[in-house]
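> Below is a structure I'd like to ask you about.
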Amino acid sequence: METARLFKLVCVICIASLIPTIRANVADETDEYWVNKANEARKHTLMAYHPDPYEIVDHFHERHYDNSTDVEGTEEEKAVASEEEDVIEMISSPTNSTRRSLTGRGKGKGKGKWSKLTGPCTASNPIDKCWRCQPDWARRRKKLVHCVRGFGYRTTGGKRGRIYVVTSPRDDDMVNPRPGTLRHAVIQKEPLWIVFKHDMSIRLSQELMITSDKTIDARGANVHIAYGAGITMQYVHNIIIHGLHVHHIVKSSGGLIRDSINHFGHRGEADGDGISIFGATNIWLDHISMSKCQDGLIDAIMGSTAITISNSHFTHHNDVMLLGAQNNNMDDKKMQVTVAYNHFGKGLVQRMPRVRWGFVHVVNNDYTHWELYAIGGSQGPTILSHGNRFIAPPHKQHYREVTKRDYASESEWKNWNWRSEKDVFMNNAYFRQSGNPHFKCSHSRQQMIKPKNGMAVSKLTKYAGALDCRVGKAC
């Protein structure tokens with residue numbers, strides 16, 4: 001009897017220890033504000049969830065862009081754009097940037113350095129072809145929303161809002177942030193398109209809580225979120241983050257933090273994730289450079305869905321990308337994520353991504369080595385690997401398998417649909433497929449375009465990571 005009681009007590013303590021993680025650092029789990037936010041987020045998850053994910057896979061492969069077409073939007077949106085002309089002029093002066101335009105991930109001097117432009121601008125994949133290599137990109141920033149593909153295709157961020165210019169890197173007031181700071185921008189109620197007046201390195205004192213309908217657009221400036229807390233999107237929707245460098249993120253102690261204009265509360269300790277997506281929907285992360293965070297680079301958990309992670313460059317990290325964190329969280333069955341045109345580069349160990357429950361389309365990414373494995377999962381996720389290049393670690397013959405399945409015997413995981421098509425394998429890398437060998441996308445093929453062969457990924461991912469755009473020049 002005493003043994004049974006002791007066992008129950010241990011179980012209670014273990015469950016209690018999980019609550020801060022499950023609650024995403026909300027110190028007061030009875031806070032009515034967060035309870036309501038969670039309920040609202042579940043509604044957005046149901047709205048964002050696509051009952052036929054294969055249709056979105058087709059959408060990713062199909063969509064054509066006519067770069068000659070003006071896609072500025074409705075008359076109302078054009079009027080808003082006209083009113084913003086003075087703001088754009090302020091941040092569009094060539095004197096605000098003395099840096100050269102970028103060529104891409106180069107092999108020049110210095111590891112991980114950008115090489116100098118030696119020819120005309122080139123855009124190497126469909127997302128970039130939608131907006132890059134156009135000299136007026138800075139005056140037409142919001143055209144970016146027409147370029148997203150994959151499960152995050154409905155994301156518009158701050159398209160319908162005004163432009164907010166961040167002028168200061170300071171982050172010294174968590175409850176009443178100063179106007180002109182990034183923290184002040186992201187807590188506003190209305191949609192905003194957030195840009196930066198000049199280069200800056202922002203050391204966040206506590207996690208940065210972003211509200212819905214925001215775009216953080218770092219094009220034209222060299223913006224680093226580093227050596228402090230990370231970025232959190234909790235129970236929010238419709239957010240674009242583009243062009244940031246996120247690195248050396250560390251744990252933060254928590255405390256009173258404002259997460260919107262009308263609410264602040266006590267947050268617990270943050271783990272040190274670079275970007276945390278918690279119960280959030282319609283999220284697009286594009287051209288992000290990430291490395292060396294204390295926990296994960298990107299975590300998307302607790303029913304987050306309708307996410308595209310594209311054109312990003314990941315280096316020097318252990319747990320790269322976690323999609324679903326709880327084995328018993330059924331909300332993650334609705335998780336749908338596209339991982340496309342990314343470069344998983346030097347010094348990475350595992351989780352590129354690691355998936356629970358959800359549906360993930362991994363397409364045309366470049367995997368240049370890993371220490372343990374590249375793609376992993378548990379709880380029966382569906383993983384479609386299309387047109388990726390996998391280069392196994394040259395001196396670790398026991399770690400040449402791309403895939404890793406956890407918490408299941410072969411008799412169970414053999415039924416999970418993990419399929420590989422048009423992938424390229426080097427250094428004896430191999431992808432262990434499972435599920436139906438005749439598994440095909442059974443859906444409308446009105447505009448079906450198949451993924452590029454994995455041999456093309458070096459070109460498709462050439463400009464992965466934050467771009468060094470110069471205002472007035474093709475980016």
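In case you wondered, yes, glycine gets a Cβ from its N, Cα and C as well.
Straight from Swiss-Prot, here's the annotation block:
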ACT_SITE  Arg351  active site
BINDING   Asp271, Asp295, Asp299  Ca(2+) binding site
CARBOHYD  Asn67  N-linked glycosylation site
CARBOHYD  Asn96  N-linked glycosylation site
REGION    91-117  region 'Disordered'
SIGNAL    1-24  signal peptide
> What same-chain residues, at least 6 away in sequence, bring their CB to under 8 Å of the CB of Asp295 (Ca(2+) binding site)?
Ile249, Lys251, Asp271, Gly272, Asp273, Asp319
> Do you know offhand how many angstrom separate Arg351 (active site) and Asp299 (Ca(2+) binding site) by C-alpha?
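Taking the Cα atoms only, Arg351 (active site) lies 10 Å from Asp299 (Ca(2+) binding site).
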> In the same chain, which residues outside the set Asp271, Asp295, Asp299 have their CB within 8 A of the centroid of the CB atoms that define the Ca(2+) site?
Gly230, Ala270, Gly272, Asp273, Ser276, Cys293, Gln294, Gly296, Asp319, Leu322
> Among Asp271, Asp299, all listed as binding-site residues, which has the most CB atoms within 10 Å of its CB?
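Most Cβ neighbours within 10 Å: Asp299.
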> Please report the DSSP secondary structure of Asp299 (Ca(2+) binding site), reduced to three states.
strand
